[in-house]
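Q: Got a structure here, written out as structure tokens. Questions coming.
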Amino acid sequence: MTKIKQEIYNKRPTSPHLTIYKPQISSTLSILHRMTGVALFFVVSILVWWLILSKYDNNYLQLASCCIIKICLVAFSYSWCYHLCNGIRHLFWDIGYGFSIKAVNITGWCVVVCSILLTMLLWV
């Protein structure tokens with residue numbers, strides 16, 4: 001690189017890096033919505049397989065009493081409740097409601113709280 005090209009290259013503005021970017025509730029929930037969608041696909045497949053096997057062998061059914069399996073089932077139910085609540089939020093966005101910054105933040109926190117409450121309701 002010539003000296004002039006190097007000087008021009010050094011004076012170019014740089015974009016902010018992810019380390020200085022403050023995550024917003026909307027971006028965090030968007031990423032989490034995608035992750036739970038993929039996770040639910042695989043977990044439901046495993047759950048159906050487990051239920052089919054438990055029909056033929058009671059040992060698989062006894063796994064449900066294991067503490068680790070219960071924790072996984074609670075995590076699965078939270079993921080399902082979160083994905084459901086955030087999906088409803090997206091349906092409202094599809095019809096044009098809730099696009100202001102304030103509404104996005106409020107509905108984002110409502111999704112988090114409602115999914116926790118629904119999960120607790122399922123397990124109590």
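A Cβ is built for glycine as well, from the same backbone N, Cα and C atoms used for every other residue.
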Q: So that I know how the record lays things out, could you check whether Q6 and F92 fall in the same topological domain in Swiss-Prot, i.e. on the same side of the membrane?
A: yes
Q: When you measure from the Cβ of H83 (heme binding site), how many other Cβ atoms are you left with inside 10 Å?
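A: For H83 (heme binding site), the 10 Å Cβ neighbour count is 20.
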Q: Sort the residues of the topological domain 'Cytoplasmic' (89-103) into helix, strand and coil with DSSP and give the three counts.
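A: Computed counts for the topological domain 'Cytoplasmic' (89-103) are 9 helix, 0 strand, 6 coil.
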Q: What average pLDDT does the predicted model assign to the topological domain 'Periplasmic' (56-67)?
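A: Computed over the topological domain 'Periplasmic' (56-67), the mean pLDDT is 85 on the 0 to 100 scale.
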Q: When DSSP is mapped onto helix/strand/coil, what comes out for H83 (heme binding site)?
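A: Once the DSSP labels are grouped into three classes, H83 (heme binding site) ends up as helix.
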